[in-house]
Every structure is written in C-alpha cells, then in structure tokens.
Amino acid sequence: MPATILIGAQWGDEGKGKATDLLAKDIDYVVKFNGGNNAGHTVVIGGDKYVLHLLPSGILNENVVPVIANGVVINPEVLFDEIATLNSRGVNTDKLVISANAHIIAPFHRTIDLVTERFLGKRQLGTTGRGIGPTYADKINRIGIRVQDLFDKSVLRQKIEGSLSNKNHMLVKVFNRRSVSVTEMLDYLLSFAERMRPMIADTSLLLNNALDCGKHVLFEGGQATMLDVDHGSYPFVTSSNATVGGAITGAGIGPTRVNKVIGVAKSYTTRVGAGPFPTELHDEYGEWLQKRGYEVGATTGRKRRCGWFDGVVARYATRINGITDYVLTKLDVLTGLDRIPICVGYKVGDSVFREMPVSQSDFHHAVPIYEDLPGWQCNISECESFDSLPPEARGYVLALEDLIKARISVIGTGPERENIIIRHPLGIF
C-alpha cells in the first residue's frame, strides 16, 4: 500500500499538526522522520490545545500507531516529559514506537548549541538552542550516540568518550566552561534506558511490513522546505532534510512506496529566527497578522515574523517536493483586509525572478513584486464548502492555486478541528 508524505511548504509553523490530525482518521501509522524538539505542532481538539514538540501529532488519535523514526534526534528528558503531560490529560501513549537507530541529544549538545550561538554574535543563526545541530553534526562525524547504545553500558561509555573528546577541549579552552564528566553523562543516559526499552524497534522493517499488509502510513515532516539543510535559505536552516527526500532516508522506506505528497502552507507567510524573508512586513499590517494569527513560536515563545503570501517560495516547495495537494491554513486571519497583496516574483537590481534564485545573495536582496487582490469582511469560520466562502476569498484561493502549480484541496478557516473546508477529497489511500 502506498504512503503519503506531509511537508511544510514555507518556513515552518504552517499548521502541519492540524493537517495530520485531519488525516488521522484514515491512517494506521503516523511517522516523524526528521528534526527533534526544535519545532512545535499545535492541535486544538474540543477547545483543548495540545502542543507537541517531539511526539508525532498522530499520537492524539487512539487508533494510530505513532512512530519516531531513525532520522529524528531525541532528547529523552523531553520525550518522557511530553509523554507524562499527555498521560495526565488522558491521552494514551502506549503505542509509541521509537527507532533503535535514532540519535540521542545529550545535555552537552545543548550546551555546545547555546555557547556557539552566543559566540557568533551578529552572525547568529537564530537556533532554538535545543542541541539539534550539534547532535546531527555528531551523526555526520560518526561519533553520535544512538538509542540502541543505551542498552550496552560499555558501548555507551565508549560513545560518550568519543563524543566528548573534542567537545571538552572546546568548552574549556574556547568557551571557558567546565568539562563534562563522562561518568555523570553515562549515569544520566542510562537512567532512561529501561523506560525506553519497550518502545524500541526496527522501525524501517515495521513500516515496510505495515505497507505490505495494506496499512495506511502518513509521514509527518518537521520544520519545512525553506528550513531544509540542502534546499532551504542556507545557512539559516535546520540541520536535517525537511523535504520529501528526508522522509525516504529518515524512515527507511523506498521512493516507490510514496503515492501522494501533501504540502501545508499558511494563507500568508511567517518565519522564526534569522534569515531572508522577502515579503516580511515591518508595518501595521505585519503587526496585525502577528496578533490576528497568534503568531508566537510554539517551541521558542518568540514572536513570528509575518508577511504576505510568497508565491515564489510555495511554487519552489511544489517543485522540490513534487507536491500533489495543498492544505491552506489560516484563511480566516485575512478577514477584514480591504486588499491582500500576494508575491508573484522578485526584483533584484535590474533582474526579475519568477522562480527561486539559486544565489542566496540574490534571495537576501530580493524585493517582492506584488499583485493586489480584493479582501473580504465577513466571518468565514463557519463556512462548510468552498462555494459558501465569499467570492473574494474564493478568488484569493484560486489565485494562489494558479501561482503554486498544485491544487488546494483543504482550506483551514479557524483554529478548531472542525474549521476546515474539504474542496477536493484527498483520497490519500
């Protein structure tokens, strides 16, 4: 049975959690394949808000098996804190499965992340300080600590010693910090081993067997296309592949398994942290979007930078990921505007770009080319069909659809679970 991949089409915070929750009734497995606790998924169910940083959003559906695959980096302390929080609210987490090959975020990874970011000064990347980058760096440098290492004390000690050999030197000599004790770190990580043991599996085998048996599998991307380490606005990116290729390698499935790629985009654009953002607004409209959209990072608590919809970015996401369908979120936030600009291209010096510039220097200096569309004034949160939307809202959706070169199948019209319009049944399976 083919699989479906869900991808953020902008800079994250597009509403992927709500999209996953929407699809959960039709799926058997939800798989997190990249990142760690450096992003937050927010889902509102019956007026109750759930914010997940590490666990897959599908864990809120009791019929779904949530999987943390090999491409994820795991802070075990955060893992058990999230599990405890959900359990206290009546959510059953017993079905959670974790890859033995996922990498572990240790406290020293977080320390390295924070002191390195401070050391960069004005060149800071705006990381979340959760230790994600240093953990992936250890993975690439082949000195990482994997989940399976927690169950062999001698191997774990060797891995910790290997990882700390250069870090302690850097902490002491460069950052004037104290060195990290191998024994203390060993005891700390071993304290999680037995609690994690029942959750551990070969998740690649599990998922491929599930697909062979006709089970429905959804791969839920963390972060988004423009934060992808290869295809995003480098170096202001995350440390993993947040595009469709990341699902293949980050979960251990073959590309022929994939049937549909669903992109999630806001009806406007937001970004957290440093980096280029051509349509960013520094005026009352930017403030208006931030307040109306409650644009505060679920992980960092930082106000999100806000701007108009960027068609160049979304069309780029369509191309990079092979997106077949879009979920367009937060259309209701735009209610009340007399006019709504959308970015259809960039101007850099005397050059005009209709597609994403390959040069990051050009992207940094890109000036958006806007087309204005008429706004609407009426409340759309209770609209149940595309035809029941005001004509201006329908026109806005159709204009975006033409711009991004993929159909917009689902439209979010409010924060609640039921505030959606199914324009085209996704038919994901």
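Each residue, glycine too, has its Cβ placed from N, Cα and C.
Taken from Swiss-Prot, the feature active site, proton acceptor covers Asp13. Annotation comment: Swiss-Prot describes His41 as active site, proton donor. Here Swiss-Prot flags 12-18, 40-42, Arg304, 330-332, 412-414 as GTP binding site, drawing on sequence analysis. The Mg(2+) binding site annotation in Swiss-Prot covers Asp13, Gly40 and is backed by sequence analysis. Sequence annotations record features per position, and here Swiss-Prot assigns IMP binding site to Asp13, Glu14, Gly15, Lys16, Asn38, Ala39, Gly40, His41, Thr128, Arg142, Gln223, Thr238, Arg302 based on sequence analysis. Taken from Swiss-Prot, the feature substrate binding site covers Ala298, Thr299, Thr300, Gly301, Arg302, Lys303, Arg304.
Structural mapping of features recorded in Swiss-Prot.
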residue: Gly12; record: GTP binding site; Cβ contacts under 8 Å, 6 or more apart: Ala39, Gln223, Ala224, Leu227, Arg271, Val272
residue: Gly15; record: GTP binding site; Cβ contacts under 8 Å, 6 or more apart: Val264, Lys266, Val327, Thr329, Lys330, Gly412
residue: Lys18; record: GTP binding site; Cβ contacts under 8 Å, 6 or more apart: Thr42, Val43, Val44, Thr329, Gly412, Arg417
residue: Arg302; record: IMP binding site; Cβ contacts under 8 Å, 6 or more apart: Val272, Gly273, Val296
residue: Lys303; record: substrate binding site; Cβ contacts under 8 Å, 6 or more apart: Gln290, Glu295, Val296, Gly297
residue: Leu331; record: GTP binding site; Cβ contacts under 8 Å, 6 or more apart: Ser267, Ile380, Ala393, Tyr396, Val397, Ile411, Gly412, Thr413
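The full span of the recorded IMP binding residues, Asp13, Glu14, Gly15, Lys16, Asn38, Ala39, Gly40, His41, Thr128, Arg142, Gln223, Thr238, Arg302, taken as their largest Cα to Cα distance, is 34 Å. Distances between the Cα of Asp13 (active site, proton acceptor) and those of the binding-site residues Asn38, Gly40, Thr128, Gly301 are shortest for Gly40. For the recorded site, Gly301 (substrate binding site), the DSSP three-state label reads coil. Thr42 (GTP binding site) carries a strand DSSP state (E or B). With respect to their backbone Cα atoms, Arg304 (substrate binding site) and Asn38 (IMP binding site) stand 15 Å from each other. Considering other CB atoms within 10 Å as the measure, the emptiest surroundings among the recorded positions His41, Arg304 are those of Arg304. Neighbour density around each Cβ, counted as other Cβ atoms within 10 Å, peaks among the binding-site residues Gly40, Gly301 at Gly40.
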